């Protein structure tokens with residue numbers, strides 16, 4: 001296609017404008033200023049323009065003719081180009097035959113093969129997963145079978161009495177002393193049945209070489225049992241009995257009542273204490289009794305026999321008030337728990353001190369108190385109440401000192417005194433030198 005030079009196009013446009021604008025103007029000498037033959041140099045009027053056109057008309061016409069021919073060629077070339085472009089467009093709409101078209105079937109086959117290979121890979125992966133799941137299932141089935149066997153064994157054990165799983169001696173009696181009288185010589189777990197009891201129950205019997213036997217009613221030694229219990233729990237008992245006497249428990253107020261009131265022969269209660277320096281001390285009380293539930297398990301004893309721990313059950317003068325000793329004595333007090341308040345205090349001693357006990361206002365002895373490691377504790381340690389709530393025996397150690405271990409046990413009075421034990425009538429004064437600071 002021939003291109004029209006840029007100068008030709010510009011000339012064509014200029015001549016076209018001049019031809020259309022001045023083609024009908026006829027020169028008139030009346031309005032022309034003939035000063036110079038050069039166009040418009042001194043007199044640029046229409047007269048000069050007409051003269052210029054007349055002079056160059058022939059050349060302009062020749063150039064115009066040339067340009068018209070050139071435009072015709074351009075037009076023809078443009079038409080041809082348009083036809084070619086339309087043909088190419090139409091050709092592009094149809095699938096082109098190329099080398100790619102020839103290999104399309106192979107590509108499709110390869111793609112199909114690849115898809116089949118992928119499917120096979122997935123299939124084998126599924127097979128592996130299925131095998132793994134089958135192994136897991138089989139393993140779980142074995143575990144379930146073993147667990148069912150264990151459950152069956154446990155169910156068989158639970159159907160048998162507790163004595164089949166612990167070492168319980170065959171002797172029995174109304175208390176541990178009667179068990180020893182029947183020939184028992186080893187300390188351990190025994191069943192006893194007090195005279196008024198409806199059924200026998202398990203106790204720990206501490207049997208001495210002389211044949212005298214203590215029935216243990218309370219044990220503290222490591223803080224493993226929480227003694228913050230309600231009325232029913234203290235009535236029935238809680239904690240754990242063990243053949244080696246290495247567990248904490250409260251035998252139960254109802255059992256203690258049946259034991260201590262079954263005979264005309266009174267019982268002696270012994271309190272055994274151990275501090276955190278491993279020093280030990282005792283306090284013995286004659287004619288210990290625990291009333292019935294109707295009397296809220298009232299605690300009574302006849303007198304303090306002796307013991308270097310001192311008579312904390314008789315109260316103690318802490319120096320806080322002239323009435324301290326009177327309001328901290330325990331003889332004759334009823335049992336109190338946080339849900340059954342029987343103390344002499346306007347508040348609830350059992351609730352603020354976190355235990356069940358024979359509270360007055362409140363205590364000088366508190367053997368069911370909170371277990372504090374190391375012994376010494378403070379008001380901040382005792383919680384919101386700020387009261388002395390540890391395992392306390394105020395006549396031996398200060399009120400802010402909690403014992404390491406405690407045992408409460410009873411024995412018939414007629415067996416008390418064997419092998420050098422303190423005898424009735426030989427009571428000692430309390431040793432007040434070891435009270436500690438209050």
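For all residues, glycine too, the Cβ spot is worked out from N, Cα and C.
Noted in Swiss-Prot for the protein shown:
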- 341, 343, 347: Ca(2+) binding site (BINDING)
- 176-205: disulfide bond (DISULFID)
- 349-362: disulfide bond (DISULFID)
- 167-414: domain 'Fibrinogen C-terminal' (DOMAIN)
- 76: N-linked glycosylation site (CARBOHYD)
- 1-25: signal peptide (SIGNAL)
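Location within the structure of each feature annotated in Swiss-Prot.
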residue: 76; record: N-linked glycosylation site; CB count, 10 Å: 12
residue: 176; record: disulfide bond; CB count, 10 Å: 28
residue: 205; record: disulfide bond; CB count, 10 Å: 25
residue: 341; record: Ca(2+) binding site; CB count, 10 Å: 16
residue: 343; record: Ca(2+) binding site; CB count, 10 Å: 22
residue: 347; record: Ca(2+) binding site; CB count, 10 Å: 13
residue: 349; record: disulfide bond; CB count, 10 Å: 25
residue: 362; record: disulfide bond; CB count, 10 Å: 22
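Excluding 341, 343, 347, which define the Ca(2+) site, the same chain contributes 336, 342, 344, 345, 346, 348, 349, 350, 351, 359, 362 within 8 Å (Cβ to the Cβ centroid), listed in sequence order. In the three-state DSSP scheme, residue 349 (disulfide bond) is classed as helix.
Separating the Cα atoms of residue 362 (disulfide bond) and residue 343 (Ca(2+) binding site) is a whole-number distance of 8 Å.
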